[in-house]
Amino acid sequence: AFRVRAGVGVEIASAVEVINDLGFDTLTFLGVTVLVVPAFRVVKASPILGFFCAGVVLNQFGLIRNLTDVKLLSEWGILFLLFEMGLELSLSRLKALAKFAFGIGLPQVLLSTLAFAAFELPPNGAIGTRILQFLFNSRPDLVNIRSVDEAIVIGAALSLSSSAFVLQLLAEKGELATRFGSATLGILLLQDIAVVPLLVILPVLESQNVVEQSVWPMLLAESLKALGGLGILSLGGKYLIRRIFEFVAESRSSEAFVALCLLTVSGTSLLTQWLGFSDTLGAFLAGALLAETNFRTQIEADIRPFRGLLLGLFFVTTGTSIDMQLLIREWPNVLSLLAGLIAIKTLITTALATRVGLTFQESVRIGLLLSQGGEFGFVVFSLANRLGVLPLELNKLLIIVVVLSMALTPLLNDLGRKAAGIIDERSETKEVVRDCHVLYTHNGHGCCLFS
């Protein structure tokens, strides 16, 4: 009996300690929010960058006691963000998103995956390793990819962008309803769908079956099964979720309504995870199913405070992922990989966007805005390190590159806006010169036709 009581006492003490740690972390984050948001508004910079810098500082001074649980809580911010984006969509806009998703998003993921994978091949002697060794005298064992399939998985992880950073910026600038915003959202949604093949390949790599057989037949079968399940979920949820909201709304209880919103986001996210998709896609789908209902405005008002605070917490925890000692020691490699990531994704996305009816200015903006790495890259690199696919330091190096690229998103967005403005000015100048030329040839009794 004494042992049982002692064991219960230890469990209670541990639970109390966890609660105290979370309480301290909550106070720390609320203090950061009160300081960061007004300060960065004053200097006309995005609060996202402020939250990221705060995460780096808090991690260096060890001010976050329970980082694992805080990161789990912060992921709710992304879910609420995607849920709110889904609420903003009408049926006509969803059709427009499909054009951008499959016209830009799908080839972008494929081409970026191939481009990044090419630098990781051939196995045990990657091109990227030789380039870094030549430029910076890096260690020859910097990269050790055992097979083509593993190189493709890592390349695909780098091809994905950060929905949280990009969509928050578009919401701040009020650009989600524009054609530029719709195209960006369509690409990000396709990238969420592209997570399915990665989730299928990674367990195969973990079981080490990749050496014995190809993953592609299994990949095709699992993807088709997941897409079928997603279709059934969409059709069933369209009627079921709306009926539930109507029933709860009749009770006129604000508490029950907010609880139903939270339940909808978490429930659809878990269902899509069970189908093999990302949880963010489930949250977006739930919002899209409720977009045409009379509850849309009330839902947005209820979830907005949760979304803002939890997204800020996500950006803070993102900043804690940087190993400052490794960054200082390997800064030439970090800058090279970061520049390569941004350049390759910008070029590919810009070239594809011009082929689906977007102007060159819009294409350049989208290319720069989506040139960073995404949150899912953390998952892939962590698993790759556990499987022995990547050396420990290279794994940390890639995580640093992804985090820094995410932190540069506000600057890349501003750079895209300035580049679009310069392109507009040059095109207007050429138009004026052309008109003057036509007028001159006409008055000079000449004849000149311009297209």
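Easy rule for this one: first residue shown is 1, then count along the chain.
Glycine too: its Cβ is placed from the backbone N, Cα and C atoms.
Predicted, not measured: the structure shown is a model, and the values here were computed from it.
Marked as domain 'Cation/H+ exchanger transmembrane' by TrEMBL: 32-413.
Feature annotation from TrEMBL assigns transmembrane segment to 101-119 (among others).
Long-range contacts of the transmembrane segment (151-171) within its own chain (CB-CB distance under 8 A, at least 6 residues past either end) are made by residues 46, 48, 77-78, 81-82, 85, 108-109, 112-118, 120-121, 123, 126, 145, 181, 184-185, 187-188, 191-192, 194-195, 197-198, 201-202, 205, 280, 311, 314-315, 341, 345, 369-377, 380-381, 384, 389-390, 398, 402, 406, 409-410, 413. The transmembrane segment annotation in TrEMBL covers 151-171 (among others).
The transmembrane segment annotation in TrEMBL covers 183-202 (among others).
TrEMBL lists 214-235 (among others) with the feature transmembrane segment.
Beyond its flanks by at least six residues, the transmembrane segment (309-328) meets 29, 32-33, 36-37, 47-48, 51-56, 58-60, 64, 67, 70-71, 73-78, 80-81, 164-165, 168, 334, 375, 378, 393, 396-397, 399-400, 403-404, 406-407 of its own chain at Cβ-Cβ distances under 8 Å. The transmembrane segment annotation in TrEMBL covers 309-328 (among others).
Among the features that TrEMBL reports, transmembrane segment is placed at 334-354 (among others).
Sequence annotations record features per position, and here TrEMBL assigns transmembrane segment to 366-385 (among others).
The transmembrane segment annotation in TrEMBL covers 397-416 (among others). Residues 45-46, 48-49, 52, 154, 158, 162, 165-166, 169, 173, 318-319, 321-323, 326-327, 330, 333-334, 337-338, 341-342, 364-369, 371-374, 377-378, 381, 390 of the same chain lie 6+ residues outside the transmembrane segment (397-416) yet bring a C-beta within less than 8 angstroms of a C-beta in it.
Here the transmembrane segment (334-354) has long-range neighbours at 103-104, 107-108, 111-112, 115-116, 119, 132, 135-136, 158-159, 161, 183, 187, 327, 360, 362-364, 366-368, 370-373, 397-398, 400-402, 404-405, 408, 412, meaning same-chain residues at least 6 beyond its ends whose C-beta is under 8 angstroms from one of its own.
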